Structure formats: structure tokens, C-alpha cells
């Protein structure tokens, strides 16, 4: 089994709850190879969501809100709620940390969810369902369900590769210690070409939205934590997916009008 394949399997095991056949413990080079595979995991997730969408069209024709709600639910469940959990933990840390680095890191380790987590997760899900429903109504399911997962995970890979790890040890520690390779940049370029080829100007708007929130999120992480954590990387996936959906919608809704 090649290192690239092992890296893809490791990325699938880490980012989803899909049953992944795995042989032996991951090696250091597997962690390095897993980062460029993040957008590929997003593509696999998108294909699964498209298959579900085809089924939902049969049972709930033209019920765009119902379709979007069930798609978002499946989206979250396939990822094991990992990224939503990171979003909630990050929200609690930013509200309860009061600007203190150590306090913020401590809050993120607390398994309990505070009011900020509940509010932010709820808002994120509502916006995601609304944006996806609008895109389904515009017959843009292919673009929405492929582009958002790909760009969300590309953003996380670039964050991890280009940002220090804020903890001495943690779930994302092996990734942070893995050497960044040229393949991450090539993967990001591949994601850009894929998105623009699939959706044109709307895809470019999605990319620009993700780049904007990625730069902003990294700035916040460096200022508060001096780096990223697994939770903040997961939060970025969720926010980047929202940015991608809204970027697509902004262009497609206006062009349809």
C-alpha cells in the first residue's frame, strides 16, 4: 500500500465515520500524506451527499427545505459531528476565555457545551440549511454538495500546514508535527481548478469567500492562541463550508434573476 493511499485512508478515518479498512498504526509520513488528501475526503463526502439527494428527490420532490435539512443532518452525521463540536468548543472558548490564551485552551478541553456553543451551532445549522435549500431551488445541487465539502477541508489542510500547533499535545498533534509538503499547495491548486471548472464565477466567489474566512480565522487563532487546535480547525471547516455556500448563492441567485 502506497503512502498516498495510506494518507487518504487516514484522512477518511480522521475526518469521517465511514468504515475504513486500515492496516497497522499510522506512520509519521502517513500523517504528512493525509493533509493533501483532505479535499479528496470532501469530494467523497460530496458524492455521498449527491447520492442521498437523488434519493430525497424521489421521496420529497420539490420540498427543498426538507431536502436541505436532511442533507445537512447526514452531512454532520457522516463526519461524526466532529467539526460542529469544534465550532461549539471554539465559540465557548472565545466567549469564556476573555482574551486569555490558557483559559481559552482549557475551555476547549471541557466536554460540556456552554450557551455560546449551543447558539453558534444552531445559527450555523440554520444558515446552512437555508443556503442549501436556496441552492437546491436554483438547481445547483451538484455545485453546492461538491464544492462546499472540498473547500472546507482544503481550508483546514492549509491551516494545519501553515500554522503552529497551540498545544503541547492533542488529537491534531501528529498532523502539526508532520512536515508540510509541496503536495498541499498542489492540492489547493487542484481544488481551485476543480471548483472554478464546476461552477465558473460562482465557484470563484466561493473560493474567495473561503480564503477570506480562512485568513480571518487564522489571524484570530494566532492572536488568541498563538496557533491552531483540533477544535479551531474543525470550526474553520464549518465556517468555510458556509462561506462557500453563500458565495455560490450570491452569484447564482443574481444571475438567475
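Glycine is no exception: its Cβ is also placed from the backbone N, Cα and C atoms.
In Swiss-Prot, the transmembrane segment annotation falls on 116-136 of the listed ranges 95-115, 116-136. Segment annotation: Swiss-Prot labels transmembrane segment over residues 193-213 (candidates 172-192, 193-213). By the count of Cβ pairs under 8 Å, the stretch nearest in packing to the transmembrane segment (140-160) among 4-24, 40-60, 64-84, 193-213 is 40-60. Proximity of distant same-chain residues to the transmembrane segment (116-136), defined by a Cβ-Cβ separation under 8 Å and at least 6 residues beyond the stretch ends, is recorded for 53, 64-65, 67-69, 71-72, 76, 84, 87-89, 91-92, 94-96, 143-144, 238-239, 241-242, 245-246, 248-249, 252-253.
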